[in-house]
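A.B. asks: Mind having a look at this structure? Questions to follow.
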Amino acid sequence: MIKQARYPVAFIFPALAVYVALFVFPTVSGFYYSFTDWSSYSDEVNFIGLDNYRQLFTEGVLGTAFANTMIYAVAVTVLVNAIGLLMALMLNRSAKITKLYQTSFYTPVVIAPLIVGYIFTAIYSPEQGILNHFLRFVGLDFMAVDWLNDSRYALLSIIMTEVWRSSGFAMVIYLAGLKAIPRDLLEQAGVDGAGALSKFRNVTFPLIAASFTVNFLLTVINSLKVFETVLVLTNGGPGYDTEVFNTLIFRNFSRGNWGYATASGFLLTLIVSLVAISFLRVLRKKGGRTMNLTAAKWRRIGIEALLFCMALVVVVPFYMIFVNAFKDVTDAARFRLTLPGVWHWENFRTVFADGKIWRGYLNSAIISAGALLIINLFAALASYSIQRNDRKLTNFFYYFFIVGLVMPVSLVPTIKLMMNAGIHNTYQGMILYYSAILLPFTIFLMTGYLKNVPRELDESGIIDGCGPLRLFFSIVMPLMQPVMVTGSLLAVISVWNDFMGPFYLLTDGSKWTVTVSVYNYVGKYSSDWHLIFADILVVILPILALYFLLQKYIVEGMTAGAMKG
């Protein structure tokens, strides 16, 4: 074994320290606080036993939140993976403008769930929304319902919104798996008389099983943590018909019942952990079925037509934002797709003057930059040690980090920790917070990527007299640049789009990030859709520009790391 294998703890410790301090410790302390009367109204914290849990189980809202969360998670997981796999299969068979379709399908993934919620609030509007307008246009008037205020359709509307946003992520992972399959294997199966279904069952699926497992696991975990979309679209209503765990936690946090909110959060942590473990065990044992992969000419035409329709569904909401951002208050409230009669550029002057957008840009940029420095260096060191040292200790640390992919963030106890450490309402606190929650995924990506970096390079460095640090910084780290770029881009997108973290942890308006600025701005101008669309447009443009310019690194690095991790 090469020499640097003696230094696993030294290389892992920086990432471990941040992860334990800002992620693990709040989770563990949250268990204690769930048995207290901790509130925003008093500095005293008294142990009250099981009172919070008794209240949770007797109020009745918990059962509704649990049922809605599980229904949402199952439906989103199934639909996102089915549609993502369908997209990938069609793109894998299509030779025409595949890159353009792939770009359009993935675009919603980089948009903040909070922003997506506002977009679909307009789309679902019962009188003026483009969904009901389209249904009436094609003669389906009976289907033009009040999507968000009718309890029969509200949860379905939230589910379809998330399916629209997340299917592109599953598509990218599946497409990477499909493109890695040697064509000669499928051709040989055809020569042997295998039909399309037989090819998929016996050749294709076993070779994309890793994609299947990654997609299902990540989708179900993220679905169980749903918050922003529900908050914006229905706020848990009508009544409690769309209440989920995170809106229940948010409601109690807003009321100052922090101990009670922490008890709700601990139950969510327990449920997410159990469901994720169960899914993972099932997915390791079972396979699946999918569509016919025939290459007939008529099928190619059908594939191109379906891809075009899917792309249209993705693109139209963005077009709606753009054209309505330049209209006056009356025309924008109609949510039509027509170009403005007069282009009202003053909408953007109002947004920048009243919406604190520049301040939000600056805050998000400062926090992102600080978090990137920590994440890239600490995750690279930890991943290198974990991947190169096949020991029980380093394997334990790897899975200890990976638990962070499953566990929800315990935000309420994090507030207490930051207050005690003197970093509440500071850039430093937010930088450390994001470093802690993003390290697990970055380590997952980098560890997978390092499997492609030959160990012989390490051995050559040892022969040349390199010590562990010099070996890492001069030989290994330069080879990790592609996955580091990917990790950086994904981290920037995560920080830019996150709402829960800054909303809970920042009470100082001068430190608000762009998403919190949007949330407060929309609350102020809730009926002025021309300003809301303009605000949304200026917030999503930087992240869209980043994605369009650097999507190659996002897609290739993410799939390389995830498929090997």
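Note that Cβ sites are derived from N, Cα and C of the backbone, with glycine treated the same way.
Features from TrEMBL:
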TRANSMEM  7-33  transmembrane segment
DOMAIN    66-279  domain 'ABC transmembrane type-1'
TRANSMEM  70-91  transmembrane segment
TRANSMEM  103-124  transmembrane segment
TRANSMEM  153-176  transmembrane segment
TRANSMEM  203-224  transmembrane segment
TRANSMEM  258-280  transmembrane segment
TRANSMEM  301-322  transmembrane segment
TRANSMEM  361-384  transmembrane segment
DOMAIN    361-550  domain 'ABC transmembrane type-1'
TRANSMEM  396-419  transmembrane segment
TRANSMEM  431-450  transmembrane segment
TRANSMEM  471-496  transmembrane segment
TRANSMEM  529-550  transmembrane segment
A.B. asks: Please report, as numbers and ranges, the same-chain residues at least 6 past the borders of the transmembrane segment (153-176) whose CB is under 8 Å from any CB of it.
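C.D. replies: Same-chain contacts beyond the flanks: 68, 71-72, 75-76, 79-81, 83-85, 87-89, 91-92, 102, 105-109, 111, 113, 116-117, 120, 124, 145-147, 208, 211-212, 214-215, 218-219, 222-223, 226, 229-230, 233-234, 237-238, 241-242, 313-314, 317, 555, 558-560, 562-563.
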A.B. asks: Below 8 angstroms Cβ to Cβ, which residues of this chain, lying six or more residues outside the transmembrane segment (7-33), approach it?
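C.D. replies: Distant Cβ neighbours of the transmembrane segment (7-33) are 45, 258-259, 262, 265-266, 269, 374, 377-379, 381-382, 384-386, 389, 391, 393-394, 397, 401, 404, 407, 409-414, 416-417, 432-433, 435-437, 439-440, 443, 468, 472.
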A.B. asks: Counting a contact as 3 or more Cβ pairs under 8 Å, with residues at least 6 apart in sequence, do the transmembrane segment (258-280) and the transmembrane segment (103-124) touch?
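C.D. replies: Judged by the Cβ rule, the two regions do not touch, with the required three close pairs absent.
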A.B. asks: With a Cβ cut-off under 8 Å, give me the same-chain residues at least six positions beyond the ends of the transmembrane segment (529-550) that come close to it.
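C.D. replies: Same-chain residues near the transmembrane segment (529-550) but 6 or more away: 103, 106-107, 110-112, 115, 118-119, 122, 321-322, 324-329, 331-333, 335, 344, 347-348, 350-352, 355, 357, 360-361, 485, 489, 492-493, 496-497, 514-515, 518, 521-522.
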A.B. asks: Six or more residues beyond either end and a Cβ under 8 Å away: which residues meet both conditions relative to the transmembrane segment (301-322)?
C.D. replies: 87, 90-91, 93-94, 96, 100-101, 104-105, 107-108, 119-120, 122-123, 130, 164, 168, 335, 337, 533, 536-537, 540
A.B. asks: Output the single range from 70-91, 396-419, 431-450, 471-496 maximising the number of Cβ pairs under 8 Å to the transmembrane segment (361-384).
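C.D. replies: Against the transmembrane segment (361-384), the leading stretch is 431-450.
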A.B. asks: So, does the transmembrane segment (70-91) come close enough to the transmembrane segment (431-450) to give 3+ Cβ pairs below 8 Å, pairs being at least 6 apart in sequence?
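C.D. replies: No, the transmembrane segment (431-450) does not contact the transmembrane segment (70-91).
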